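Swiss-Prot has this to say about the protein:
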BINDING   Asp32, Glu219  Mg(2+) binding site
ACT_SITE  Asp32  active site
BINDING   33-37, Arg45, His49, 77-79, Trp81, Arg83, Arg200, 206-208  substrate binding site
ACT_SITE  Asn80  active site, proton acceptor
Amino acid sequence: MFKKLFRQDENILNSELAEDLPIPRHVAIIMDGNGRWAKKRFLPRIAGHKEGMDVVKRVTRYANAIGIDVLTLYAFSTENWKRPTDEVDFLMKLPVEFFDSFVPELIEENVRVNVMGYRENLPDHTMRAVEKAIADTAHCTGLTLNFALNYGGRSEIITAAKEAMKELELEGKSADDLTEEKLNDHLMSSGLGDPDLLIRTSGELRLSNFMLWQLAYSEFYFTDTHWPDFSKEDFLQAIIEYQNRSRRFGGL
C-alpha cells in the first residue's frame, strides 16, 4: 500500500514540475502554526501537533517522490522547553508514536532517519525511539529524513567551534588555522549539505534560531498556510518557486 501511495505521488508531482529546471537537493522546513491551527478550531494545542505529525508523513512522501535527497524538519527547538509542561510532555511522546508507525514504511521506501540536536537532553523514552529509528534505517540509501530535535542554531555553532578548536590543538595548530570547512565538519548537519530551499509555514518571517550557518545562501519561501493545512499543492508551489529563481551565491 505504501509503495502505491509513493508511486501515485511521484506521478502527480513530477507531472507538474519543469523537467529542465533543477529541484532542490536539500529542503528544510520550519513547521510553524500547529497551535494557531488548533486555536482556530477551538481545539487544544496538542491537537495541532498531532495533525502536524500526519503532515510530516505526507510531505516525506512528496519529497521522496520528486527525488529530493535530504528533508530537514524543525521539530523541537532548545527554546521550546519553555512551553507548558503538558505540551512539552506530549511533544516528547510524538516521536515514539511517529517512528513506531512510520519506520517500517520508510524502510520499504529506502528512507534513512537522522536526528540532529542535543539528544542527550531528551527524555529516555524519546531517546530510545530516536536511536531505534536511526539504527533501523541506517542501511537505507535514499532520502534522508532529518529531524532537528532539541536543536538551536547558535548553540550548534558554538559547539562546533569548540570541537574544531580542540581538533586543531591536537594537530598542533592555532585558531588562525580555523576554516569554514573545518567548522562545517563539526556541525550537526555535517555530511548532509546546506539546504537549497527553506520553507516556513504560518506566515512568520524569521528563522527562529534554525540552521543559522547553513542557510547563508539558501532560497527562502514563506507561506501563510499553517503546517497542519500544508498540502501537496503548497509543497509543489514552493518547489516551483525555487525552480524559477536564479541562485547567485553572492555573484552576479
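Using N, Cα and C of the backbone, Cβ positions are placed for all residues, glycine too.
Bear in mind that the values here come from a model prediction, so they are computed numbers and not experimental data.
Features per Swiss-Prot, on structure.
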residue : record                       : contacts (Cβ under 8 Å, 6+ apart)
Asp32   : Mg(2+) binding site          : Arg200, Thr201, Ser202, Glu204, Ser208, His226, Trp227
Gly33   : substrate binding site       : Gly48, Thr201, Ser202, Gly203, Thr225, His226, Trp227, Pro228, Asp229
Gly35   : substrate binding site       : Arg45, Gly48
Trp37   : substrate binding site       : Gly48, Glu51, Gly52, His226, Trp227, Pro228, Asp229
His49   : substrate binding site       : Asn34, Glu87, Phe90, Leu91, Leu94
Thr78   : substrate binding site       : Gly117, Tyr118, Asn150, Tyr151, Gly152, Ser155, Asn209
Asn80   : active site, proton acceptor : Val88, Leu91
Trp81   : substrate binding site       : Val88
Glu219  : Mg(2+) binding site          : Pro24, Asp196, Leu197, Leu198, Tyr242, Arg245, Arg247
For Glu219 (Mg(2+) binding site), the three-state class that DSSP assigns: strand
Binding-site residues compared (Arg200, Leu207) - the one with the fewest other Cβ atoms within 10 Å: Leu207
DSSP three-state assignment for Arg200 (substrate binding site): strand
